[in-house]
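Taken from TrEMBL, the feature region 'Disordered' applies to 56-80. Marked as compositional bias 'Low complexity' by TrEMBL: 59-70. Residues or ranges marked as repeat 'PPR' by TrEMBL: 149-183, 184-218, 219-253, 254-288, 289-323, 324-358, 359-393, 394-428, 429-463, 464-498, 530-564, 565-599.
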Amino acid sequence: MSTLLLSTSPSNYCVPSSPFSQHRITILVHYTKQHKPLRNHFIVLSFSASSSTKDVWRKTTTPPSSLKTPPYRRKQQSSYLDHSVDMDELLSSIGQTTNEHELFALMSPYKNRNLSMRFMVTLLSRESDWQRSLALLDWINEVALYTPSVFAYNVALRNVLRAKQWGLAYGLFDEMRQRGLSPDRYTYSTLITQFGKEGLFDDALSWLQKMEHDHVSGDLVLYSNLIELSRKLCDYSKAISIFSRLKSSGITPDLVAYNSMINVFGKAKLFREARLLVKEMRSVGVLPDTVSYSTLLTMYVENQKFLEALSVFSEMNEVKCPLDLTTCNIMIDVYGQLDMAKEADRLFWSMRKMGIEPNVVSYNTLLRVYGEAELFGEAIHLFRLMQRKSIEQNVVTYNTMIKIYGKTLEHEKANNLIQEMQNIGIEPNAITYSTIISIWGKVGKLDRAAILFQKLRSSGIEIDQVLYQTMIVAYERAGLVAHAKRLLHELKRPDNIPRETAITILARSGRIEEATWVFRQAFDAGELKDIAVFECMIELYSRNRKYTNLIEVFEKMKGAGYFPNSNVIALVLNAYGKLQEFEKADMVYKEMQDEGCVFSDEVHFQMLSLYGARRNYEMVETLYQKLDSNPNVNKKELHLVVAGIYEKANRVNDASRIVNRMTYRGTMRS
């Protein structure tokens with residue numbers, strides 16, 4: 001047989017060599033039939049991961065039409081002899097073959113047997129080895145001359161995807177079409193799900209686009225899986241884009257999908273959109289449940305919007321939505337943050353009456369509330385009560401108590417707690433050590449803090465950004481600026497912490513040059529997997545008016561496949577504006593909207609301001625009219641922004657028109 005030629009470009013997917021692939025990598029080598037059972041021409045495989053069209057195969061001798069079903073395919077039989085073949089025994093024999101020749105020889109007695117396609121697909125589905133399954137598929141199509149089946153190809157696709165043979169998956173898909181088969185929902189669902197699970201999200205989305213182009217309808221499960229995958233990858237803009245596609249395809253999201261999207265909008269800091277989803281749920285007959293409200297509460301608490309959380313909790317009680325353990329724990333924290341220690345105390349002690357048993361998180365949260373309210377006696381009493389009642393205590397419990405002792409500068413008691421927790425098998429973590437270092441720094445025991453920090457570094461314990469920053473602050477408080485600078489300089493070549501952590505520490509400390517150097521090194525090495533690192537660098541450059549560097553990071557962020565959130569887009573648009581690159585700002589604004597990004601009002605208003613700065617009043621008016629018709633945009637702010645743009649340009653009549661329109665509509669009223 002002829003040798004298969006593969007592209008050797010490092011950007012291409014690789015196909016491993018094996019006994020099956022030494023002669024021919026299963027289906028990838030196709031031979032022209034000249035009224036013979038075997039084929040004698042080959043295909044050159046050239047697959048590029050960066051190709052937008054995913055053109056996997058390029059024939060050198062045989063046109064694609066040769067893969068069409070030939071006229072001498074076996075005709076469908078009215079009866080079959082499936083029951084006469086022991087499938088388990090046949091599978092066992094197939095498993096003993098070591099190359100394609102052996103497998104074809106083993107299957108030769110069945111070439112003219114009346115075995116149904118259903119039997120062959122079942123046989124194919126039970127063969128877990130991807131190479132044997134492809135060889136078997138080739139025997140079915142090219143030797144036994146069955147009419148090609150989309151079910152058989154779907155099984156083969158599943159097997160190669162499980163083996164992470166991405167190039168072969170593209171090849172199989174292309175071959176299906178060359179044989180006149182139409183990929184179905186299962187085909188696309190398998191491709192989208194498997195590529196998505198491996199983080200190849202751009203590929204997964206390209207399959208989704210092909211599916212939509214082929215007018216193959218997706219289902220709720222498929223879209224929900226994509227949303228969940230993007231959420232886990234913290235790519236919230238993509239999740240929002242997919243959710244928009246779900247709804248535009250006519251599918252009504254279910255409770256799980258809505259709850260996932262409340263979480264996504266919250267993570268993307270699109271609070272109003274998350275809140276509006278609850279109203280939308282009611283309008284389509286999907287009643288928000290405890291998870292819906294708990295997710296909203298979590299969103300507000302994570303962003304320190306405690307009054308909004310209190311409002312959600314009130315609504316939850318009004319609609320008689322049952323509370324659960326998570327809700328109670330969140331609200332104990334909210335009450336504490338709002339200096340409502342009595343309400344937190346009351347909710348905690350009423351949990352059992354509602355049939356909810358407090359857990360260690362409940363106790364830890366109330367401990368922290370007591371500490372913040374300086375109810376030190378109550379905190380110590382609750383801490384010892386947990387021990388008397390044998391309620392599990394963990395590292396968070398002890399960290400909270402150590403911090404409480406730190407408030408009263410009782411550093412010896414704090415140190416004793418570290419000994420106590422170690423004696424009962426609870427290992428201190430970075431927060432434990434950073435807390436005690438901070439306490440020692442406050443009471444003037446800097447020598448003890450420095451010794452502990454050095455011991456931790458040499459012990460191999462992971463030094464996180466909190467611990468590092470705590471030591472830097474301790475040095476600076478003591479006036480030892482040189483020591484603080486030395487720690488910051490060491491982060492340029494971190495040997496005991498991940499580079500992503502080093503970048504975050506340097507960026508938050510305002511060390512632009514060092515953060516830039518480590519960022520570029522880490523990016524070139526392919527070590528940046530967290531979208532938050534890109535966001536942190538963009539915020540650093542924005543604060544320090546390094547707009548060219550900001551755009552550089554943004555381009556790298558997009559190139560790595562990350563979707564920016566609304567806040568990042570606002571900073572990028574501002575940077576383009578400062579650099580007088582208005583066309584690029586306009587392009588990014590429209591591109592991100594086309595991708596399905598949901599912008600906060602500030603982003604839209606910023607784009608209006610950029611159009612105004614460029615004196616493109618036609619675009620100001622166009623965008624204004626578009627936003628004015630959007631029910632989710634704050635109309636009062638919109639009118640004030642547009643009126644301000646016209647007033648600044650001395651276009652008094654236009655400014656007056658906008659103000660009059662605002663007054664007429666009553667949007668001036670609060």
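Residue 1 is the first one shown; counting continues down the chain.
A Cβ is built for glycine as well, from the same backbone N, Cα and C atoms used for every other residue.
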What average pLDDT does the predicted model assign to the repeat 'PPR' (359-393)?
91
What stretch of 149-183, 219-253, 254-288, 324-358 shows the most Cβ pairs under 8 Å to the repeat 'PPR' (530-564)?
219-253
The repeat 'PPR' (219-253) versus listed stretches 289-323, 324-358, 394-428, 565-599: most Cβ pairs under 8 Å:
565-599
Below 8 Å between Cβ atoms, which of the listed ranges 149-183, 359-393, 394-428, 565-599 makes the most pairs with the repeat 'PPR' (254-288)?
565-599
The repeat 'PPR' (359-393): which same-chain residues, six or more beyond its ends, come within Cβ distance under 8 Å?
325, 328-329, 332-333, 335-337, 339, 341, 344-345, 348, 351, 400-401, 403-404, 407-408, 426
Where else in the chain does the repeat 'PPR' (394-428) make close Cβ contacts, counting only residues six or more beyond its ends and a cut-off under 8 Å?
360, 363-364, 367-368, 370-371, 374, 376, 379-380, 383, 386, 435-436, 438-440, 442-443, 445
Let's see if you can do this one: DSSP helix, strand and coil counts over the repeat 'PPR' (324-358), in that order.
26 helix, 0 strand, 9 coil
By DSSP, what is the split of the repeat 'PPR' (565-599) into helix, strand and coil residues?
26 helix, 0 strand, 9 coil
What is the three-state DSSP composition of the repeat 'PPR' (530-564), stated as helix, strand and coil residue counts?
26 helix, 0 strand, 9 coil
Helix, strand, coil: count each for the residues of the repeat 'PPR' (254-288), based on DSSP.
26 helix, 0 strand, 9 coil
